[in-house]
Amino acid sequence: DSDSDLDSDENEDPNLVLRKVSQTSFLTTSVCLRTLRIISRDRKALAPLITDNAILTLARLGGISALPTWPEEEEAELLHGLSERLKDGIHSSSPPSGQFYELRLLFLLTALRPELRIELRQEHSVSMLTAALEQCLEVCWGETHEVLTDLTAPPVCKEVTQHALEILKTLFNITYSVHRQEVDEEAADLYRHLAAVLRHCLLVPCEGEDRKEELQGHTVNVLSALPLQCLDVLLSVRLSEGSKESGGVNMDCVHTLLLFMEKRLDRGYKLKEKLAPVLNLLTESSKAHRETRHYLRQQILPPLRDVEIRPEQRNTLRSKLVRLMTHVDTDIKHCAAELLFVLCKENVSRFVKYTGYGNAAGLLAAWGLLNGRGPYPQPQYSSDSDSDTEEYRQAKDRINPVTGRVEEEQPDPMEGMTEEEKEAEALRLINMFNKLSRNKIIQPMGVTTDGKMAPLCGQTRHSAVQEEEEEEEEDDSETEQ
């Protein structure tokens with residue numbers, strides 16, 4: 001049959017495969033997608049086969065639309081036909097077997113042709129895909145925007161999880177820029193409804209930890225694309241026995257995101273792609289919700305006790321994030337630092353206290369905060385206290401602010417020197433730095449009024465000692481000659 005013909009020789013010329021497909025009188029959506037999969041393995045042949053004609057031909061053969069011809073103006077009709085087929089499946093008692101492949105094709109179309117996303121960025125498309133996700137996971141609703149998640153229920157099977165993943169990937173493609181837009185009340189209600197279903201996706205048990213993590217990862221991607229004001233439903237669920245809470249607010253979702261973040265941190269793989277979305281989501285949520293920030297601060301930045309070890313040298317969540325602050329990828333280190341900074345209520349001294357000035361200096365310079373305050377109005381945070389432990393108070397005066405730990409006492413290099421000798425040594429060091437600066441080996445830097453690093457202006461005046469040393473050097477050179 002056609003399935004076996006397509007699978008039997010995957011090295012066949014992709015263009016020939018497409019011609020065979022075109023000659024077939026009837027072809028299921030499954031075979032259409034199998035053809036696309038085979039073609040995509042040959043990157044050299046892929047470019048001419050993702051043109052309008054190729055994509056629309058495959059769509060026609062898959063039964064998505066009955067249009068006999070494919071002018072460019074009818075691309076919207078393709079997406080409309082696909083949407084209608086999905087809608088019919090949603091209204092049926094159970095999703096048809098081909099719905100998974102229709103979702104996969106919809107995702108491929110929006111991924112390969114970004115301009116087609118415009119046709120799907122309408123509210124009815126988000127509503128349709130949300131309904132498909134509800135049907136897939138058999139969602140049960142409680143009060144307004146509250147999905148009842150039974151953590152004791154049997155785990156979601158592999159097939160259902162894969163179906164949900166296709167919906168989530170397509171949802172991200174058509175909502176990826178919504179968070180930058182102003183939404184009206186009706187649209188906000190729609191996205192709150194979606195966020196409630198996404199909360200269920202984060203918490204629902206799945207067969208296999210890898211499947212669960214993959215489902216959570218795509219859920220995080222969609223959540224990060226939604227308007228921030230619509231994510232309040234993640235916290236509005238009633239408390240139940242065993243729930244995590246902060247200030248009487250349900251923190252089960254936030255706790256799940258925290259555990260997910262730690263898994264991605266420990267993996268250390270594709271951090272920009274895998275870790276940055278959840279870091280940004282937790283940061284923005286902490287800015288918007290006091291209870292979220294307070295809970296995350298308790299988990300990530302508990303009161304300091306043992307200050308004998310550098311902040312980055314432990315195996316705690318704080319240490320893992322501090323290590324990322326010196327990562328080679330600028331985006332990742334800024335994401336990690338911003339989360340810690342927000343948990344410190346954007347207070348520079350508190351930020352340095354938990355991270356060490358050595359880890360924080362570069363980022364503070366980039367943010368214009370080296371002088372301890374930014375050039376912009378400071379955000380208004382609640383007045384919850386930053387109480388120090390007894391152990392920290394006892395060691396506070398001995399902590400090296402650069403390394404963030406108590407250092408071993410070092411011998412005084414000027415012990416036994418007279419005041420005149422100390423002054424002479426200080427002048428000698430100043431002259432050495434001046435010479436290095438004049439020869440452009442180093443460049444003296446200072447902090448400007450707006451908190452950024454900048455070269456120090458002006459010439460350093462020669463001291464009497466410096467002139468004397470230069471004369472001695474000239475005398476020595478003349479003697480050698």
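Residue positions begin at 1 at the first shown residue.
Even glycines carry a Cβ here, placed using N, Cα and C.
All TrEMBL annotations are machine predictions without curation.
Note that the coordinates shown come from a computational prediction; the quantities given were computed from them, not determined experimentally.
The region 'Disordered' annotation in TrEMBL covers 377-418 (among others).
Within the compositional bias 'Basic and acidic residues' (390-399), the DSSP-based counts of helix, strand and coil residues read 9 helix, 1 strand, 0 coil. Marked as compositional bias 'Basic and acidic residues' by TrEMBL: 390-399.
According to TrEMBL, the compositional bias 'Acidic residues' annotation covers 409-418 (among others). Residues 425 of the same chain, all 6+ positions outside the compositional bias 'Acidic residues' (409-418), place their C-beta atoms under 8 angstroms from a C-beta of that stretch.
Feature annotation from TrEMBL assigns region 'Disordered' to 448-481 (among others).
Annotation source TrEMBL lists compositional bias 'Acidic residues' at 466-481 (among others).
Mapped onto DSSP helix, strand and coil, the compositional bias 'Acidic residues' (409-418) counts 0 helix, 0 strand, 10 coil.
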